[in-house]
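Accompanying notes for the structure given below.
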């Protein structure tokens with residue numbers, strides 16, 4: 001094994017400092033296996049050889065290995081696998097059925113030497129192994145034996161074990177970051193990166209862990225993440241919209257609630273807090289066109305970021321929506337409001353007419369106003385309340401990423417996005433679209449993990465906290481009716497996979513994956529009476545903490 005290592009108290013090393021040529025692999029050592037890092041490729045070769053040998057061996061031999069064979073020191077993985085190979089080779093030399101070896105004729109297969117080392121296992125032609133069966137009539141040949149269940153179990157267990165250890169390592173790393181031990185956290189990031197090589201990173205925990213490891217690495221080195229330009233974010237948003245039901249659920253549910261709130265009004269006005277290509281509004285325009293008694297005059301005010309290249313992107317989107325409205329004979333007026341941040345918007349910019357029915361629409365936007373003091377959420381809710389809207393539609397992620405403690409926030413994010421990615425794998429099989437949708441989610445993960453203070457804008461909070469906040473701001477809930485529930489249920493039928501579900505919760509709707517709620521839709525109306533007094537500065541922090 002080479003020279004033994006010496007322990008150094010207080011060094012904070014995750015693995016004893018063996019010399020490089022004899023260093024045990026730390027991740028396998030954590031699972032109880034003794035394997036030198038330099039021998040990992042040999043272990044992989046031996047495991048592949050063992051798999052091939054088990055497949056080509058009679059079922060009674062494999063059963064013998066599973067029940068009667070004594071394996072000495074299975075913690076020494078190399079010796080353990082070699083002992084299995086030795087048992088298989090011995091079984092080939094001494095078959096368990098003596099009569100099968102006593103008959104010899106002119107039709108016996110050509111003799112071939114048994115493999116003497118690991119590489120020889122791959123050089124034995126398949127015709128030598130299957131020679132006896134190939135000489136039998138097809139009608140008398142037994143069906144090929146299924147793969148030994150022990151083999152499948154071992155492979156699955158090893159991958160699951162790696163995934164479990166990876167999750168534990170992620171949690172440990174997040175705790176080290178919270179404690180400020182960035183040096184040790186960085187070493188653990190390197191270990192996790194190495195562990196990823198033994199896990200499928202195309203799906204499941206391997207893919208999600210890769211995104212979180214990258215975010216942790218950026219936070220540790222202080223690099224952060226470069227925010228994508230607004231136009232690129234909108235492109236990724238569009239692909240996320242196309243590949244999953246989440247944004248469609250948000251749009252359809254909000255549109256149904258707005259349509260019902262506008263019933264009986266001849267002039268209606270929608271303020272959209274994030275226009276995003278106007279994806280939500282063609283469906284509402286078409287629904288208004290079919291309204292009994294004729295469609296109303298529709299005004300739409302769309303808020304979005306300024307265009308980096310000097311183009312008036314908001315106006316271009318408005319022109320496209322105007323064409324949709326013209327095609328179905330709906331009178332339509334559009335106004336774009338360019339603002340980098342929602343808190344920069346002032347009520348006078350929106351040109352609200354008191355004689356029109358007003359709807360304010362926020363799809364996954366208000367959580368960005370929950371930053372540190374002075375938090376702008378209270379002032380924005382106050383001027384929304386002052387506009388006296390008929391309805392405020394709110395859709396937010398059903399999770400709490402606004403905790404003060406980094407470890408709690410990281411834990412919530414890890415399990416939340418694991419569920420979201422799991423649902424994406426089932427819902428979308430088109431790789432380019434899915435990859436771009438995942439990039440949109442990766443931006444959220446990076447913001448949650450990499451940043452603190454005002455730079456951290458992905459401060460999702462669950463429905464219960466939004467209820468408290470809206471009640472305190474002078475709003476009362478509007479129940480989303482049965483039509484909204486039916487719309488959401490019909491939407492899920494468009495996705496051929498099972499697992500999505502919609503549930504009603506005190507007049508609100510929540511969309512989830514395998515019983516885990518992921519986004520929540522609610523509707524609100526200004527309460528009658530005077531405006532509520534504003535909370536003291538910093539009071540909202542009480543509601544941000546668990």
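Backbone N, Cα and C atoms are what each Cβ position is placed from, and that goes for glycine too.
Under the heading compositional bias 'Low complexity', TrEMBL lists 96-109.
TrEMBL lists 25-91 with the feature domain 'Transcriptional factor DELLA N-terminal'. Across the residues of the domain 'Transcriptional factor DELLA N-terminal' (25-91), the predicted structure has a mean pLDDT of 57.
As annotated by TrEMBL, region 'VHIID' applies to 237-302.
Taken from TrEMBL, the feature region 'Leucine repeat II (LRII)' covers 316-348.
Here TrEMBL flags 450-525 as region 'SAW'.
Feature annotation from TrEMBL assigns motif 'VHIID' to 268-272.
The annotation motif 'LXXLL motif' is assigned in TrEMBL to 366-370. When Cβ-Cβ distances below 8 Å are used as the criterion, the motif 'LXXLL motif' (366-370) is approached by residues 273, 341-343, 376-377, 380, 394, 396-397, 402, 457-461, 466, 540, 544 of the same chain, each at least six residues removed from its ends.
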What counts of helix, strand and coil residues does DSSP assign across the region 'VHIID' (237-302)?
35 helix, 12 strand, 19 coil
